[in-house]
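Colleague: Pulled the feature table from TrEMBL, pasting it below:
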ZN_FING   A:59-74  zinc finger
DOMAIN    A:82-177  domain 'Toprim'
There are 2 protein chains.
Amino acid sequence: MAAALPPALARLVQALTRLPGVGEKTATRMALQVLRWPRAQARELARAVGELHDRIRLCSRCQTFSESDPCPVCADPRRDTTRLCVVEDPGDLLAVEKAGAFRGRYHVLHGVLAPMDGVGPDQLKIRELLERVRAEGVREVILATSPTVAGEATAGYIADLLREMGVEATRIACGIPMGMDIKYADRQTLQKALEARRRA
Amino acid sequence: MAAALPPALARLVQALTRLPGVGEKTATRMALQVLRWPRAQARELARAVGELHDRIRLCSRCQTFSESDPCPVCADPRRDTTRLCVVEDPGDLLAVEKAGAFRGRYHVLHGVLAPMDGVGPDQLKIRELLERVRAEGVREVILATSPTVAGEATAGYIADLLREMGVEATRIACGIPMGMDIKYADRQTLQKALEARRRA
């Protein structure tokens, strides 16, 4: 019975269900938790949500979310300017950055090609990517979109454009995740892992 | 590398990780999602969080979270005043209310006895429960705390007090959840289900 949920609580539950992976049950649990917090802690969350859009914009170079323009990575003179890692969204950039295995710069597409949903090359930051490659003397573009159908198609599309420009396009490797028992890997991953085998 | 997370985003991630079941990874995914929302939608969430503590208080009768005092359930003259369902927290009240199988009133304990964590009878709304039982002419108290060690202990403690007052104390039934294959039930649940068997 919805009558049992006070309106102020119902409004928060409603707002929380728009978060990824949050259904009504989880949202209710979260909202009840917020009520148990000290009032100051709730204000902190409210403030953090409220000011987010005011403070964050897109870096005009790599298109990631940033408070400064250019973003800290683009502004860092120690980063290798000849290599560009292309990712689908800012979350992927954070993941690669956290892995700490890449010292070049990034370019965020903000999506993948999805013609059925009306997402073509013009809806992604592909024009911006090609302009950067031209202007910044990039020699290698690492296509780090996800190994999904749409991610592969997007990588393939961009790779063709880059090759026409005479720029090297590479693709991140697919295979068994580290630490995973191969019997739990799906068939396609196993096929990819076998195809991409190297001398031990 | 934390350097890649803009401060405004990091603050929101930090605030979100205090929600139940939200780790840093989930919080980051949520915060990035909020950035993709229309600005108005983010403001709605900020407002809902911000006003929550101002609008919600405890119902002075049943102790649940409510915007009005008494809460709508306590104020509803159609509810059976002779039966009281005792639950651990407001979330449990909502679950029982949603099931729609109870037409009496509630009493929220706001926890269970946990002597190791310093939670004794005085930290729960037990005194308030006994006062209500006396004042409101309650005839049956249904103890609907969870069938956990602490929930059972709390129910047992309150049942003893009620019996001393000559008030009937009952306990919700334990058994196999509806729709569950019994081979997936744990041993203790199966034991309880067998002990509590009824003529078919």
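Each residue, glycine too, has its Cβ placed from N, Cα and C.
Just so you know, TrEMBL annotations never went through curation; they're auto-generated.
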Colleague: Sort the residues of the zinc finger (A:59-74) into helix, strand and coil with DSSP and give the three counts.
Modeller: 3 helix, 2 strand, 11 coil
Colleague: Please work out the mean pLDDT for the residues of the zinc finger (A:59-74).
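Modeller: Across the residues of the zinc finger (A:59-74) the model's pLDDT averages 96 on the 0 to 100 scale.
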Colleague: Give the residue counts of the domain 'Toprim' (A:82-177) per reduced DSSP state, in the order helix, strand, coil.
Modeller: 43 helix, 19 strand, 34 coil
